[in-house]
Amino acid sequence: MPKRVDINKILVIGSGPIIIGQAAEFDYAGTQACLALKEEGYEVILVNSNPATIMTDTEMADRVYIEPLTPEFLTRIIRKERPDAILPTLGGQTGLNLAVELSERGVLAECGVEVLGTKLSAIQQAEDRDLFRTLMNELNEPVPESEIIHSLEEAEKFVSQIGFPVIVRPAYTLGGTGGGICSNETELKEIVENGLKLSPVHQCLLEKSIAGYKEIEYEVMRDSQDHAIVVCNMENIDPVGIHTGDSIVVAPSQTLSDREYQLLRNVSLKLIRALGIEGGCNVQLALDPDSFQYYIIEVNPRVSRSSALASKATGYPIAKLAAKIAVGLSLDEMMNPVTGKTYAAFEPALDYVVSKIPRWPFDKFESANRKLGTQMKATGEVMAIGRTLEESLLKAVRSLEADVYHLELKDAADISDELLEKRIKKAGDERLFYLAEAYRRGYTVEDLHEFSAIDVFFLHKLFGIVQFEKELKANAGDTDVLRRAKELGFSDQYISREWKMKESELYSLRKQAGIAPVFKMVDTCAAEFESETPYFYSTYEEENESVVTDKKSVMVLGSGPIRIGQGVEFDYATVHSVWAIKQAGYEAIIVNNNPETVSTDFSISDKLYFEPLTIEDVMHIIDLEQPMGVVVQFGGQTAINLADELSARGVKILGTSLEDLDRAEDRDKFEQALGELGVPQPLGKTATSVNQAVSIASDIGYPVLVRPSYVLGGRAMEIVYHEEELLHYMKNAVKINPQHPVLIDRYLTGKEIEVDAVSDGETVVIPGIMEHIERAGVHSGDSIAVYPPQSLTEDIKKKIEQYTIALAKGLNIVGLLNIQFVLSQGEVYVLEVNPRSSRTVPFLSKITGIPMANLATKIILGQKLAAFGYTEGLQPEQQGVFVKAPVFSFAKLRRVDITLGPEMKSTGEVMGKDSTLEKALYKALIASGIQIPNYGSVLLTVADKDKEEGLAIAKRFHAIGYNILATEGTAGYLKEASIPAKVVGKIGQDGPNLLDVIRNGEAQFVINTLTKGKQPARDGFRIRRESVENGVACLTSLDTAEAILRVLESMTFRADQMPAVNTNQEAAVTI
C-alpha cells in the first residue's frame, strides 16, 4: 500500500531523560524515525525534554520542542501545532503512557489527531495486564497462572491458593519498576505495596513463578497489509526470573531445536496479528527446558531496548521501517537499506553470534543491592559479534570497561566455596565470572546447572574456555596454541600476562606468525546477496571483507556503554564529529560497542567497526585502515585513556597533543601550568601513600576534597571532614600507590561555574558560561545549571573569560575544553580542566546555536575558527533563560544513598527554557519528575551546620502557606523564630514518626541534609530512601530547596503581601 497522502504533519513523542530501563536506544529509534518520516516528505514536529540527544537537534525535525513530557505541556503543543497525527511508539514507555492519557482526556479527539502505527486499543491490550490475560485466554495461548490485584489483601488471598514463589508485575511501568519475585509473606507485603504505588493505574499482576524456564525473545514486524516477519530471535543466557535488560543475551538463539524455534516463531506472529500491531513489537516467551510447554511472558507493542539490539545484531533498521509502516507503506514495498537489493519483507539471516552484556552502575554504588530480579538495574549495555559464542562472549566481557579483560574477577579466588555457591544460586551482576571461578575449583557442569538453572549448553561453552586456560598456561610461546586462543576470543592482555611477556611483545609475535583477525561484514543475509553496508566485526578467519579505499580517513573512538558519568552526551559529540569529518571530505571510521546509540547506526559513518574499545582491538583496525589519525576528544574518558597506548604504538592523536592532555590531567604538571599562567586554584597536593595523605590534609585543614587522578563522573570522590574518615576512604575507595596518586584539595564552599570552549591555538571561542544552583561540592553532572548566569557581575564574567582564554592557549588546546570554576569570597578559582568534550556540550550547542563538536572536529582537522566567522572570547548571550536539571534512577536501586556530593549519581538530564528563571526552573523540575504542588507540607530535617540557612528556607515556605513538619529539636528552634512547626517523632519513637509521615503521603517535600561526617547518617539514609520508595521529592541540598521555593513563590500569592483592607469602623463615612 503506498504511503498516506491524507496526512501531512506528524507529532513524534520522544522518551525524555535517560533513566534505568529507558536509555539511549530511544534516541536511536527516534532519530531513525524522524529522518524516515522526513524522507517520505512529511512535516515532523518533535517533543522531547532531553537536550543531550541527537533526536532534539534542529536537523532531525521541522520543529523541535524541548519541553516537559507531561499531558499539560503536550496538550498546549498539540493545540498550537494542530498535527494530523501522532506517533507514540518510539518514545518508550513514556510515549505510550502519554498517548493513552491524551486520548483519555479527549485532547486527541478535540484536535482531530489520529494515532499512527499501533492503535491505542492494541497498546492497552498489551500493556494492561488484565486485558492481555483475557486476550491470551481467547487465543488459547498459555500464560502463567495469575491474578490481577489492586490491594495487599487480594494478593494474600491469591497466594494462599497457589503458594510461593510468585512474581509481581505492576501495570504500565518501565523496566519492571516496582516488580519482583516473592518467596515469603514479608517480601510479598513489601513488593506488592511498592508495586501498587508505582503503577499509574494502581494495578499489579501476580503470577505463579516460572523462574528457571528458558527466556526467549522474538523481535517481530508487521504492516497494515498483514505481512509479518521475524527480524531476530534472541535467547537470554539467564533463565526466566531476571529482567531481560539485566540478562546476558545471545542472538540467534543457541539451544532451541528447529521444532522449538518454529513453535515459538509461529506463536509470536500469531500474537502480533491478534493485537493488530503495525510496526515493531517484542514478544517474550518462557520455554520449559524439559518439554514443549511454553508460556507467554509479555508483549511490548513498541520499539524497545531489545529492538535496538536486534537492529544492531542483524543490521535491519527496525525503527526506520516501523515509522514508514506507520504512514501506510508495506514491507514488500520498502527496500532493505543494508543490501540495497532485497525487500524489507526478507527475514534477516545471521552467520555469526551476537552477545549482549548489561553494564551495571555498581562500581558507582558500592552499597547497592546487587541481586538481580524482575526489576532492571543496568544503565546500559555492550554488544560484541564473533563467529562462535565463546569469541563473541569474551569480546563482550572486555567491552564492559569494568576493569575485566577475561572471565576473571580480581577477588573471586579469595572467597569461600560456600559464598561462591551462594553467588551462583542468587544471580548478581558478576555471576558469569563466578561460574568460571567455580570451574577452576573443580565444580562440574551438572553442579552449576543445578545451582543456576542456566542451560548446560552455555555452561559447557564456559567450561571449554576455562579448560583452555590450562592448555594456554602450559604452552607459552606456542603459536598453534596462540592461534586457537585468539579464535576463542582470548585477549592479548590475558595471554601476555599468562605468558609473562609485555602485551606489545605478544602483538609482535602474533604479527610474525601471521595471526591477525580479518573483518567480516554484517549484511542481514548471511552473505547470500551482495551488501552495501560498511558495518564490520573482527574474527580469526581467512577472508577479509573490509575493503580499504584510497580516500584519506579519520578514526573516531566512541564512548562505549552508557553508565553514570558517561552518558548519551558523549555519543552526541561522537556523531557530530563523524558528520564534520565527512563534511571536510575525509572518510569517517567509527569504533564503538554500544548497541543502543545513534553512533552505531551504520548509516552515520563511512565505516562502522563494532568492536571492544581496547588497545588490541583498536590497533587491529588501525593496522588495516591506516587512518591519518585518531580523534579521542569525544569518547569521554574511555577514548582519552587509550590515547597514551595508541601514541606509544606510533598512532597519530589528532587535536590536543598527548603531552598537553597529560598536563591537564596530571596534578603536578597542571599546578605548574596554572602557576605560570597566573590562574588561582584551591590549595592542594598529591599524595602517593596513606601517611602522606594524612599529613597533607592536616596542613591544608579539613574539610578536604579527595579523589583519584584520571577519572570521570567523580568516581570515588569524597568530601572528608576529619582524619578518621580520610583513613576509611584510603582503605576502601582507592588503591593508593605512586602510579595511582590521590589528589587532596582544600574544599572551598562557593558558587560553581562551568565553561565549555573551542580553541584552535590562536582563537578561543566561549559559547557561554553556566552557573550552578548547588554550591561547589555537588558534582557538576548532578547540579542544576543555568544559562545565562543570573548572579555573576560583569567583572566576574570578564575574569572567567580571561582565565578560560589563558588556559586554552597555555595548555595548547586544539578542539574542545571544559573548565569548572568556583567563586569563593569574590575570587575565581579553577577546580579542574578537561581537555575533551563534556556532558554540557549538547546543552550549550542547542542553546547558542554554536555546533561545538562539529566546529572542534574541523579545528582538529586543521581549519581555523576565524574562517567560520567567530571572534575570540565570550559570545553574546542568548535571549531567555535555559536550565539543565539532573534526573536520577534511585527508585530502581535499593540501598543507595541519594545524598548529592562530589561523586556523580544522575543517569540523565532535562532542559527547561522560558523568559524568566522561575519559569525555566519550573519546566526543568517538572520535566525531571519533581511534582511542585503550590500547597502542602514540607518535612525539615537539617544538620546543625545548616540550621540558620534552614530557618530562612522554612520562613519562606511558611510565607506561601506551606505547613512545616520537624522533629522536636528543629521545631523548637523554628518556634523561637516565630515559625509554627508541627512536631513529628524521630525514627523509632512511638506515634507518627518521620517515616510514617513520608509513607502516608503527608509531606510534599522532604529537606534532609547530612550530619557532618558519614557515620551518624543512618537515620538520614532511611529518611532519604523512604522518600524515594514513596515518590516524595527529597532535597539533600538547601540550594535545590531554594530553587524550588523561587518557583513556588512566583506561582503563589504570599500571605504577607495580601494585607486585609483596614475596616476601622469609626472612620467609616456615615450617610
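Keep in mind that glycine also has a Cβ here, set from the backbone N, Cα and C atoms.
Checking the candidates Glu762, Glu827, Glu832 against Swiss-Prot: the one annotated together with Arg707, Arg746, Leu748, Glu752, Gly777, Val778, His779, Ser780, Gln820 at the ATP 2 site is Glu832. Going by what Swiss-Prot states, the ATP 1 site holds Arg129, Arg169, Gly175, Gly176, Lys208, Ile210, Glu215, Gly241, Ile242, His243, Glu298, and the candidate of Gln254, Gln262, Gln284 recorded there is Gln284. Here the Cβ of Leu748 (ATP 2 binding site) has 21 other Cβ atoms within 10 Å, regardless of which shown protein chain they belong to. Taking CA atoms as the reference points, Leu748 (ATP 2 binding site) and Gly175 (ATP 1 binding site) are 40 Å apart. For Arg129 (ATP 1 binding site), the nearest neighbour among the listed binding-site residues (Arg707, His779, Gln820, Glu832, Asn834), judged by C-alpha distance, is His779.
Note: the CA-CA distance between Gln820 (ATP 2 binding site) and Asn300 (Mn(2+) 2 binding site) rounds to 43 Å. Comparing the binding-site residues Gln284, Asn300, Gln820, Asn834 by how many other C-beta atoms lie within 10 angstroms of each C-beta, the top residue is Asn300. In three-state terms derived from DSSP, Gln284 (ATP 1 binding site) belongs to an extended strand segment. In three-state terms derived from DSSP, Gly777 (ATP 2 binding site) belongs to neither a helical nor a strand segment and is classed as coil. Maximum intra-site Cα distance, ATP 1 binding residues Arg129, Arg169, Gly175, Gly176, Lys208, Ile210, Glu215, Gly241, Ile242, His243, Gln284, Glu298: 20 Å. Rounded to a whole value, the Cα-Cα separation of His779 (ATP 2 binding site) and Glu298 (Mg(2+) 1 binding site) is 39 Å. When every Cα pair among Arg707, Arg746, Leu748, Glu752, Gly777, Val778, His779, Ser780, Gln820, Glu832 is compared, the largest distance found for this ATP 2 site is 18 Å. Neighbours of Gly777 (ATP 2 binding site) among the binding-site residues Lys208, Glu298, Asn300, defined as a Cα within 10 Å of its Cα, are absent: none qualifies. Of all the binding-site residues in the record (Glu298, Asn300, Glu832), the one with the smallest CA separation from Gln284 (ATP 1 binding site) is Glu298.
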